[in-house]
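Working notes, beginning with the structure itself.
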Amino acid sequence: MRLSVSLGLASLWTAIGATALNVSQTNSSITLANDRLTAIFSNAGKVVDLYLDGQDLLGPASGSTGVGPYLDCYCTPKGFYTAGSTTPRMEVVQGTDATGTQYAGVILNDTYTPTGQQFQQYWFLRDGETGLHMFSRLAYYNETTPFLRNLQEFRTLFRPNTDLWTHLTSSELQTAPLPSDEAVGKQVVVQDATWRFNNTPNDAYYTQFSEYFTKYTFSNAWRDNNVHGLYADGSTSNGTTFGAWLVMNTKDTYYGGPLHSDLTVDGIVYNYIVSNHHGEGTPNITNGFDRTFGPQFYLFNGGGSSSLNELRSEAESLADPSWNVEFYDSIAKHVVGYVPSSKRGSVQGQIKLPRGATRPIAILTVDGQYFQDNSVDPRSYQYWVEMDANGKFQLDHVVEGKYRLTVYADGIFGDYVRDGVQVRGRKTTRINDSWQPESAGVEVWRLGTPDKSSGEFLHGVARDPTHPLHPPEYLIYWGAYDWQQDFPNGVNYTIGSSDPATDFNTVHWSVFGPTPDNPDVEYDTTHDWAINFSLTKKQLQKRKTATLTIQLAGAKTASGNTDVYKPDEPYTNLALESYINQQEEPLTMLIGFNQSSSCIVRSAVSCYQVRSRMTFPADWLQVGSNTLTLHLPRNATDVEDAILPGTVYVQYDALRLELS
């Protein structure tokens, strides 16, 4: 049953039978309630009050705080827009699903009249559950302006305004007390969206986690992120604990595959559906764009004395695309664009893995495209699953269509790729194949582990020893470290004797600094890195060709995260040059403007991947000592619109030299 309502009507009360799931409507609000959870919606399409067992989870509404979950975007010609701000129309739907469980839903319909962009936000509450099932839709039909812009951000937010919440968490390693009001009031800006709490050294966040705070510290890759949220430890709620979680029970309508990383929680619990953070690709909004994202689930739990880990475990138990499939099939008639299980199939397979492969993963994305680029087709779906040690995998609930299968694994250079994987509804597609790893001869040496991350190097995943919660160092803030102390003479690495964890940095800067503790700007020791290695006569005997492979876990050109070519910037495309011994001509790896990502400056060691295999005559090498010089342009910077370092940089995943 669907009720299209104008909230100027007189008060109306409806109930689904004689149960505890009720819907009430007034001239200004809609209320969904079951035995434990009550959500009150404004006529502009926001949750403005939310109660679990009578506990106010949001606090008072004040501007954009004390509300949510709600939908906003950076997607209009003017930039940011909150759905419901122009022509909101609210609908109520209700019924009983295939399991016999009653549900009720609220649907916001809004058209942004300057462009005709159509927004829909869906919230569903089921009897017996303490959370809201969410779908979000954007449609654009405009032949007059067939290209509008990119969909730069599309997100839902739970944005409380209360001292109930005491901790934020996106993983076991990324759990910390929320900074106090005093710390926030006395914080010092050190970078865009990054602050220092040196004026409140007794604050719990400062003493336990870090001196610096940025929302990017709690960002995660979608491969690893299933739930994130806020925790109330009971100190402000008479000993009763609560949790507010975004549960990513499905990930097939996001973009970027398992390497996509994004913001999760910073006092706000986000569902970042689309963004270009960390250089991720975003779809273009063109005539005919029509995409429904979801479902995801905002879970609110607690009401007793459960610990953070116990409440998180409850949330994690729901982070499974098999959860509530019958319910989602039942409400598909209400949700424009949602694909029911009758039009979904499975892919089952085994890929013989190369020797040394660990943590293998199987990925389905749009056919014919690199998996991080699947946003080029806004209609595309994506799926992945961890493979077992024998290369076996199964992917279920896959929307029918044609896909590319990609497999990658730690320890192996390159990927396995297979196009044309056809999936049909209620059918199983079977694949058996062997992954032949790329090879250009005999491997002489490698530096780093090919795992699509620069985290194994200095100030990467190593744990901070100075705070009791020991967060990984890369998550904090690049300016917390000092290049001139770490590498006073630059990087001079020797294969076989140097330690990658201490002698090779997680980022290769063109320029370093200034930082809060060091006003100097250094560009003499940063741009050239030396890698020394020895070769024997036997290794070079009868060898004609050498191949240098460089895999980057991220690279920042003058284009930053935008994928926009900037003709006035000399480094909008960036050349990383490799010099072999005394050769005057370099091997050049050109990093394109559309491959750029703001990675380490946004607390990340894995962003948009870039790689190159470059050949050169083996006689450039010599018996005995050899040197590879990795060269970035000296003092290469761009103009930044925000308070961010202007330097270009690259982050190495792994390098290797082969001879044939």
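Including glycine, each Cβ sits where the backbone N, Cα and C put it.
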From ASN109, ASN198, the one Swiss-Prot labels N-linked glycosylation site: ASN109
Chain-internal residues, separated by at least six, CB under 8 A from ASN432 (N-linked glycosylation site): GLY349, GLN350, ILE351
Set of same-chain residues at least 6 away whose C-beta sits under 8 angstroms from ASN284 (N-linked glycosylation site): PHE147, LEU148, ARG149, ASN150, LEU151, PRO378
Those glycosylation sites listed as ASN594, ASN635, and which of them has the most Cβ atoms within 10 Å of its own Cβ: ASN594
Closest of ASN22, ASN27, ASN142, ASN492, ASN532 to ASN635 (N-linked glycosylation site), Cα positions, glycosylation sites only: ASN492
Among ASN22, ASN532, ASN594, which are recorded as glycosylation sites, the nearest neighbour of ASN142 (N-linked glycosylation site) by Cα: ASN594
Protein Cβ atoms within 10 Å of ASN238 (N-linked glycosylation site), excluding its own: 7
ASN594 (N-linked glycosylation site) versus glycosylation sites ASN27, ASN109, ASN238, ASN492 - nearest by Cα: ASN492
Entry from the glycosylation sites list ASN27, ASN109 having the most other CB atoms no farther than 10 A: ASN109
